[in-house]
């Protein structure tokens with residue numbers, strides 16, 4: 001997930017060499033081989049196909065889905081193994097998770113690092129497809145993490161340099177710098193939260209010490225209070241003496257002062273009885289709202305940032321699962337049955353509902369399908385056709401050496417009859433024996449020369465469509481590799497050098513003025 005768009009960042013010090021026409025130094029991109037982070041991936045099926053191929057996965061193809069219409073979904077290569085949904089993630093819209101555990105039959109990893117949701121979505125998919133060829137590296141990784149919990153698997157993926165290098169190979173220098181700025185900003189906010197929490201804890205400790213060190217004020221003991229505690233009722237006060245019964249040394253003014261002091265003392269004792277036992281005075285002002293603690297602040301901070309996020313949907317053991325690396329555990333969308341239309345009948349309305357929800361808010365989204373690679377079946381059919389032609393040729397050679405001169409037995413140059421690098425057919429694949437009724441073993445035609453030539457002619461015609469299908473699939477692979485090559489090529493250095501040369505010739509000023 002990318003950082004929040006439009007968020008302000010503090011200026012950071014950059015390193016590098018000054019540009020030819022200014023004092024500002026150029027930022028130096030980190031070394032990709034040792035860089036520990038991850039970069040954001042574009043929702044481009046070509047990049048995902050190249051990633052799967054370089055990871056060693058065979059038999060899968062990523063294809064973009066333009067509409068969730070049922071008729072259009074039927075045109076996808078079958079079977080459809082999974083769907084990858086890209087949407088703008090918002091923490092405030094995080095849905096409640098119903099499932100609170102990870103079943104043994106579901107391989108699921110939590111996304112622990114930022115910007116790695118594309119790779120996590122792919123790994124959560126390929127590790128749940130039975131019988132899939134993963135390649136040596138991924139197969140070892142799956143075996144190593146098979147008994148781990150989702151969080152430990154997420155940490156293992158973050159430390160898996162093999163897939164991290166493939167993921168980051170699509171990053172430009174600016175992507176690496178942006179990711180570093182994002183991580184630096186998160187670390188800075190985390191350090192500030194820690195410092196604030198420590199300062200609040202220190203202030204609270206000092207306040208408690210001050211309160212504990214203060215002694216309650218001494219209260220004047222009254223005989224009435226002692227009598228009340230002993231008997232449970234207050235002793236009746238004696239009647240006041242009149243001015244005539246006052247002592248001879250006591251004048252009228254002294255009597256007045258004595259009565260005033262008695263009233264003040266009584267009022268003070270009444271207030272003391274209402275005060276708390278520790279003798280501290282309470283403020284009548286409303287208390288200030290407490291600041292959130294470190295955990296709530298961490299949840300409220302970075303993780304409310306908006307960004308694009310990949311989520312996988314796929315069938316596993318009779319249920320459709322949502323595999324979101326930001327969820328604690330995989331979530332069940334619903335059960336399905338092949339008799340009622342398959343798993344897409346469950347995933348389709350769920351995804352349509354989410355798309356309608358985001359479309360109403362004008363939020364961008366995208367959908368890709370992980371399908372069975374059609375090249376696998378197309379190439380197998382072409383190999384079978386070449387074997388059949390070779391079997392026909394061996395039978396016809398047994399009849400006559402000049403059978404190729406017969407009408408209909410000619411072979412054009414583009415017909416494949418042996419191993420071919422153009423179509424990826426090896427001699428080992430053609431040398432594998434295969435027993436099938438379509439080969440030339442039918443008793444009714446194995447001794448009929450003209451019938452054999454006619455069957456061979458039909459196989460040659462059939463091969464035209466097979467070659468076209470394989471050629472199209474191979475061209476799609478080459479197109480994906482070309483897109484990945486352009487994406488991985490660093491054009492930034494060329495542009496900087498070109499601008500530097502223009503600056504040395506002092507032509508940038510005239511260009512900018514125009």
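Glycine is no exception: its Cβ is also placed from the backbone N, Cα and C atoms.
Remember, TrEMBL labels are computer predictions, not curated facts.
Here TrEMBL flags 1-31 (among others) as region 'Disordered'.
What TrEMBL records for 1-12 (among others) is compositional bias 'Basic residues'.
Taken from TrEMBL, the feature compositional bias 'Polar residues' covers 13-29.
The annotation domain 'UCH catalytic' is assigned in TrEMBL to 37-372.
Look at TrEMBL and you will find 111 tagged as site 'Transition state stabilizer'.
Neighbours of residue 117 (active site, nucleophile), defined as other CB atoms within 10 A of its CB across all chains, total 27. Per TrEMBL, the feature active site, nucleophile maps to 117.
TrEMBL lists 188-301 (among others) with the feature region 'Disordered'.
The compositional bias 'Basic residues' annotation in TrEMBL covers 230-241 (among others).
Taken from TrEMBL, the feature active site, proton donor applies to 309.
Annotated site 'Important for enzyme activity' per TrEMBL: 324, in sequence order. For residue 324 (site 'Important for enzyme activity'), the number of other Cβ atoms no farther than 10 Å from its own Cβ, over all displayed protein chains, is 27.
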Count of other CB atoms lying within 10 Å of the CB belonging to residue 309 (active site, proton donor): 20
Pairwise Cα distance for residue 309 (active site, proton donor)/residue 324 (site 'Important for enzyme activity') [Å, integer]: 9
Cα-Cα distance linking residue 111 (site 'Transition state stabilizer') and residue 324 (site 'Important for enzyme activity'), given in Å to the nearest integer: 8
Count of other CB atoms lying within 10 Å of the CB belonging to residue 111 (site 'Transition state stabilizer'): 24
Residue 111 (site 'Transition state stabilizer') versus residue 117 (active site, nucleophile) - Cα distance in angstrom: 7
